[in-house]
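Each remark here refers to the structure printed beneath this line.
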């Protein structure tokens with residue numbers, strides 16, 4: 001399910017890791033229909049294909065991963081089965097894209113955040129409701145939930161019609177240093193997974209939420225391929241590092257969005 005990684009460019013660079021912008025949750029199970037009311041699905045045209053996931057955090061704003069952006073993205077809210085449309089399913093497109101450019105010292109890996117303003121507000125319904133930004137950080141060792149329409153196998157690009165969910169665990173960021181020698185792994189990123197292997201996010205899970213202790217703590221960012229390898233957790237962007245920036249953008253303070 002959450003095996004989201006953008007492999008193409010990384011394979012060209014002959015790197016052993018990949019962005020999760022096209023992965024599914026491996027080792028997961030179909031999410032409960034009422035478990036993911038905030039989950040957004042990004043589709044692109046030509047050809048019409050599922051791209052990534054995102055999280056509805058406000059009636060008119062979706063938070064995702066910057067590496068997922070494509071021109072002309074269609075954003076679906078309230079979707080569960082891609083083949084069966086709910087009556088309250090809503091389709092939107094972005095009229096504004098915002099990227100974190102506040103700290104030039106940060107690498108692209110540390111600011112893989114994208115905030116999209118929808119063309120019109122989304123109506124709350126049976127299958128749609130926003131997810132709040134975190135009020136406090138989780139502890140290392142916390143159990144977290146990941147979800148997405150990413151690939152379900154670490155060896156075959158098999159995409160599901162329905163989102164899959166899985167439980168993983170926050171581990172010390174040092175666990176991600178060795179598996180990702182080409183990424184500056186810092187405390188600005190969450191390192192999470194199942195060290196025994198078998199459960200992970202993967203291709204096209206990118207941009208989806210990492211929910212720990214009921215709070216939206218991370219955004220699916222990067223991981224090694226094949227996904228779900230033992231002692232190879234994945235990396236997630238820490239939402240708490242960007243809450244002030246997000247709130248300022250939503251409030252219309254685009255010229256003063258960066259924290260002092």
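Glycine too: its Cβ is placed from the backbone N, Cα and C atoms.
Classification of residue 67 (active site, charge relay system) by DSSP places it within a helix. The active site, charge relay system annotation in Swiss-Prot covers 67 (among others) and rests on sequence analysis.
Taken from Swiss-Prot, the feature active site, charge relay system covers 112 (among others), and the record attributes it to sequence analysis. Taking the Cβ of residue 112 (active site, charge relay system) as centre and 10 Å as the limit, one finds 26 other Cβ atoms among all the protein chains shown.
What Swiss-Prot records for 206 (among others) is active site, charge relay system, and it gives sequence analysis as the kind of evidence. In three-state terms derived from DSSP, residue 206 (active site, charge relay system) belongs to neither a helical nor a strand segment and is classed as coil.
Within 10 Å of the C-beta of residue 31 (disulfide bond) there are 21 other C-beta atoms, taking all protein chains into account. Feature annotation from Swiss-Prot assigns disulfide bond to 31-165 (among others).
The annotation disulfide bond is assigned in Swiss-Prot to 52-68 (among others). Just so you know, the Cβ of residue 52 (disulfide bond) picks up 34 other Cβ atoms within 10 Å once every protein chain is counted.
Under the heading disulfide bond, Swiss-Prot lists 102-258 (among others), citing sequence analysis as support. A C-beta separation below 8 Å, combined with a sequence spacing of at least six in one chain, links residue 258 (disulfide bond) to 101, 102, 103, 245.
According to Swiss-Prot, the disulfide bond annotation covers 144-212 (among others), on the basis of sequence analysis. Around the Cβ of residue 144 (disulfide bond), the number of neighbouring Cβ atoms within 10 Å comes to 22.
Positions annotated as disulfide bond by Swiss-Prot: 176-191 (among others). Within 10 Å of the C-beta atom of residue 176 (disulfide bond) sit 26 other C-beta atoms, taking all shown protein chains into account.
Among the features that Swiss-Prot reports, disulfide bond is placed at 202-227 (among others). With a 10 A radius on its CB, residue 202 (disulfide bond) counts 35 other CB atoms from all the protein chains.
Annotation comment: Swiss-Prot describes 25-251 as domain 'Peptidase S1', evidence class sequence analysis.
In the three-state DSSP scheme, residue 81 (N-linked glycosylation site) falls into the coil class. Swiss-Prot lists 81 (among others) with the feature N-linked glycosylation site, giving sequence analysis as the kind of evidence.
Taking a C-beta cut-off of under 8 angstroms and a sequence separation of 6 or more, residue 124 (N-linked glycosylation site) has the following same-chain neighbours: 59, 130. The N-linked glycosylation site annotation in Swiss-Prot covers 124 (among others) and is backed by sequence analysis.
Secondary structure from DSSP puts residue 172 (N-linked glycosylation site) in coil. Taking Cβ-Cβ distances under 8 Å and a sequence separation of 6 or more, the neighbours of residue 172 (N-linked glycosylation site) in its chain are 140, 191. Under the heading N-linked glycosylation site, Swiss-Prot lists 172 (among others).
In the three-state DSSP classification, residue 241 (N-linked glycosylation site) falls within a helix. Listed in sequence order, the residues of the same chain lying 6 or more apart from residue 241 (N-linked glycosylation site) and placing their CB within less than 8 Å of its CB are 188. Residues or ranges marked as N-linked glycosylation site in Swiss-Prot (evidence: sequence analysis): 241 (among others).
Swiss-Prot lists 1-18 with the feature signal peptide.
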| query | Helix, strand or coil at residue 144 (disulfide bond), per DSSP? | reply | strand
| task | Would you mind sorting out which of 31, 52, 81 (the recorded positions) have a C-alpha within 10 A of the one on residue 112 (active site, charge relay system)? | result | none
| query | Can you name the recorded positions among 176, 202, 206, 212, 227 whose CA is within 10 A of the CA of residue 52 (disulfide bond)? | reply | 206
| message | Mean pLDDT across the domain 'Peptidase S1' (25-251), rounded to an integer, is what? | response | 93
| task | Check each residue in the chain of residue 212 (disulfide bond) that is at least six apart in sequence and keep those whose C-beta is under 8 Å from its C-beta; list them in sequence order. | result | 138, 142, 143, 144, 145, 170, 218
| Rounded Cα separation (Å) that holds between residue 31 (disulfide bond) and residue 227 (disulfide bond) | 20
